[in-house]
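Inspection log for the structure reproduced underneath, given as structure tokens.
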């Protein structure tokens, strides 16, 4: 009997291998596929013939169709509009609830709002980026893969949400104490309990929606990188604000009658943390993030809390600023999250973590620091996507701010000067975030930090801080030049 040992390799054999060929062979994966013949009693102990398959990194990645300007714009703009209208309604909700007794008495809640909304972005958008990358790599094509990936990630973000939500409320209490030189224990309990309930429920609901969108995108042959992150944010802001206002109001009414309620909620959530850690640790898909994914979300929470301090100060001076805060922050965060998710997926497809290379495009993804000219007007895929995303800023914001003007029935009159200054601030914010995103993601990749787990938290929190800062500067500028459509500063 003849022996047939078949080796299927995607690498091209060379008689005189070069050093680069040696590197390729060292990364080659050999897989035993199946025996070509069965052993029997007459084989005299001879080993069976086998088939060995050799794979290079990236060979199992599904082939992707080259995206055009039009396809990117269509896939991104529709979810972007849906998410934008969600932010518009969140702004209207914030504009209304800022006058509720609980928000006027417990002013630390205003400091907490950007941190909570940012946490939604940090967790859900990171989840969307992580699952989108896995889906594009072909790791979510079977129901078993989908179930394992989704359950592991939902338990992970539940654990992260509880821990970071608690830390965010503590930071808000400390910042409020620094501002007022006083801490009321009942208010501190209310703040912590409200934060925990809000982030826990919002993360579960939004996580399920995000996972469903990614699975559906794969079935419809749509790139999930383009749609998952905006849709993850579409209900996030309004859901978080509605939950926070509702829970905070209930707990505020319970002060003096059911003082045990808020401490009981806090204790229950803290005791549940070991359970979520145990479940997430058992899942191979989330174990590494559980150990190494805390620095980005905690750091992002601290950055967003600084934005909350600015918002708390500016709301007391310009009442009209609150309605625009979720919109300018959300638009910047959504667009940069799309770009971050796409760059991260491209890097995962092209090379291994820690190595910068560009398959078929020598001008892109080989350097960390690039000039703004290359970032916005270059010929590469990421520069093309940047131009598409920048083209959405002006029409998107015009639609959103005039929707706010219409919904408020004339309470906020938009002057031409206000629109121009607002759009300048929004454009500056998005342009800065997109440029920083390219540098940050490539820097992380070079240092073997997975950008799917780390980049979006920093970028969205930077978007929150930059957005509210530029918005505050815009309102202050408009007041100084005498735009009478801006409310006069208050006495506080």
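Keep in mind that glycine also has a Cβ here, set from the backbone N, Cα and C atoms.
Residues 1-20 are the range that TrEMBL records as region 'Disordered', among 1-20, 21-40. When each of 150-176, 188-215, 227-248, 419-441 is scored by its Cβ pairs under 8 Å to the transmembrane segment (462-482), the top-ranked stretch turns out to be 419-441. Below 8 angstroms of C-beta separation, residues 107-109, 111-112, 115-116, 119, 122-124, 127, 130-131, 183, 187-188, 191-192, 194-196, 198-200, 202-204, 207-208, 211, 266, 269-270, 272-273, 276-277, 279-280, 283-286, 289-290, 293-294, 297-298, 301-302, 304-305, 308-309 of the same chain, each at least six residues beyond the ends of the transmembrane segment (150-176), sit close to that stretch. By the Cβ criterion (distance under 8 Å, sequence gap of 6 or more), the transmembrane segment (69-94) is not counted as touching the transmembrane segment (419-441), fewer than 3 such pairs being found. Here the transmembrane segment (419-441) has Cβ contacts under 8 Å with residues 324, 328, 331-332, 335-336, 339-340, 343-344, 347, 368-370, 372, 375-376, 382, 386, 389-390, 393-394, 397-398, 401, 451, 455, 458-459, 462-463, 466-467, 470-471, 473-474, 477-478 of the same chain, all six or more residues outside its ends. With DSSP classes pooled into helix, strand and coil, the tally for the domain 'SLC41A/MgtE integral membrane' (325-473) is 113 helix, 0 strand, 36 coil.
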